[in-house]
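Taken verbatim from TrEMBL:
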DOMAIN    58-200  domain 'EXPERA'
TRANSMEM  20-49  transmembrane segment
TRANSMEM  61-82  transmembrane segment
TRANSMEM  116-138  transmembrane segment
TRANSMEM  150-169  transmembrane segment
TRANSMEM  181-204  transmembrane segment
Amino acid sequence: MATQGENHPYVPRDLKLPGYVPVFLSQSTILSVYGIASLLVISFMWILSGRFRKISKVDRLLMCWWIFTGLTHIILEGYFVFSPEFYKKKTPHYLAEVWKEYSKGDSRYAGRDSGVVAVEGITAVLEGPACLLAVYAIATKKSYNHILQVAISLGQLYGTAVYFLTSLLDGDDFAASTYYYYAYYVFANGWWVLIPTIIVIHCWKKICAACQVLEQKKAKTR
């Protein structure tokens, strides 16, 4: 085990992390717990959404996405934002272990980069609860559900863009290895580019179709 506060696995090597305590849990354990927990949440929402009448499979999938991403924002990212010294944890606290591990792909998390903290703070405090509201809006067919989904998705895309661009502007050299760079920094975050983009397109089409129907009704009444 590395000496606390002196050695760490992150890049740059001169990153100062006084009181650093190495990861206790293995990568497989950390990823397995996250994967199983996510699968349980998604499965629960899929089953629950099936109890609502006239909910399409697409909307059920959207509900699964929103519950998953909402809880991820609130629990996982919320812990990061409000636990600035997670890397000092001397016991295997799971959420601290997640961020110690993830920092191998982006050491700005362990180093508490102000840009990252700001993006994650907005995501956890605003977008997280909004995602849960989206689940409710879809289930109850609220008139604002598509607008809400577009707003959240654009927020996620904006946050991800800021996340990637600030890294590029600062040299894009925060990963301990090529493996961690692509596995954590690129692949893990790529889902918050791909899926929000698909949702924006889907909801945009729904909104446009609804507006077209409304315009046709207005034309008929003239």
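Each Cβ is built from the backbone N, Cα and C atoms, and glycine gets one as well.
Automatic, uncurated: that is what TrEMBL annotation is.
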Out of 20-49, 61-82, 116-138, 181-204, which stretch touches the transmembrane segment (150-169) the most, going by CB pairs under 8 Å?
181-204
Averaged pLDDT, computed only over the residues in the domain 'EXPERA' (58-200):
97
I'd like the per-state residue tally for the domain 'EXPERA' (58-200) from DSSP, helix first, then strand, then coil.
111 helix, 0 strand, 32 coil
